[in-house]
Amino acid sequence: MTATLERRESANLWARFCDWITSTENRLYIGWFGVLMFPLLLTATSVFIIAFIAAPPVDIDGIREPVAGSLLYGNNIISGAIVPSSAAIGLHFYPIWEAASVDEWLYNGGPYELIVLHFLLGVACYMGREWELSFRLGMRPWIAVAYSAPVAAATAVFLIYPIGQGSFSDGMPLGISGTFNFMIVFQAEHNILMHPFHMLGVAGVFGGSLFSAMHGSLVTSSLIRETTENESVNSGYKFGQEFETYNIVAAHGYFGRLIFQYASFNNSRSLHFFLAAWPVVCIWFTALGISTMAFNLNGFNFNQSVVDSQGRVINTWADIINRANLGMEVMHERNAHNFPLDLA
């Protein structure tokens, strides 16, 4: 009898726990994806902060020339970074217990792998949590689909690119100047500026910013008048009030006259679908571009493609970019090679 009561009580406790995890009444929705997400992102964030402040130099190129990235070793917010794992580690899974000591783990850049892998799993779980909450509220799944674009981009630079290049040392450093260094080296080795998928990504980011600004300014300008003609239209409103204040027909008419009729949406759902789809699809393409360049399927090469009737090269901007690429190529990892293979 006692055993039966204990089993029933424990089953009841588990059911209450499940209800609490999946409840949409909580101030912060947890969900089953959240059970994974919260510890993963807390771990990644904690290790990032500690390593950014105090991690010792890392032998990133595997040639016994450590590179310092933390604040306590002379960096500032701009120059500081979590330095990627050593080329000596390559793609090996390198948790703390695989190293002979914590000092060795730090010297070989173990924190980078720890942060990146926990972060990628964490943001994937965040995407799953978005879907889970949408599902429980009876919503459609497009919020999680939209979030898949930055998840794909992060996965491309932190995981797919190192896999393609054969080492986590080729991943993007976790810092401001480290990000710029990654971009410059990526251009030198893969000519990303001449890749159509990167061009789509630029169109997505800048176009998305433009469309967002245009939409926001149109909505806040197309007020439904609540005052007489002799008063300012602004007098009829309070900033941040809850009920709808704009007229999409007026906004459509304004924008149609500003550019041309069919450049303007008169359907709110079509408009918002476009605002979501444009940057998301373009960033998907960029992530796909990074993932193909990871395996050295690079941007277009138009070097010396224009010649005169005598066969002499007429330089184009492609040749200017090529010369810049060569300069960046010989500058990075300056002591790792006697002569860069790319130039041989």
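Glycine residues also receive a Cβ, built from the backbone N, Cα and C atoms like all the rest.
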Stretch carrying transmembrane segment according to Swiss-Prot (options 29-46, 245-262):
29-46
In Swiss-Prot, which of 102-117, 118-133 is labelled transmembrane segment?
118-133
For the transmembrane segment (142-156), find every same-chain residue at least 6 residues outside the stretch whose CB is under 8 Å from a CB in it, and list them.
119-120, 123-124, 126-128, 130-131, 134, 276, 279-281, 283-284, 286-288, 290-291, 294
Other CB atoms, at most 10 A from the CB of His190 (site 'Stabilizes free radical intermediate'):
23
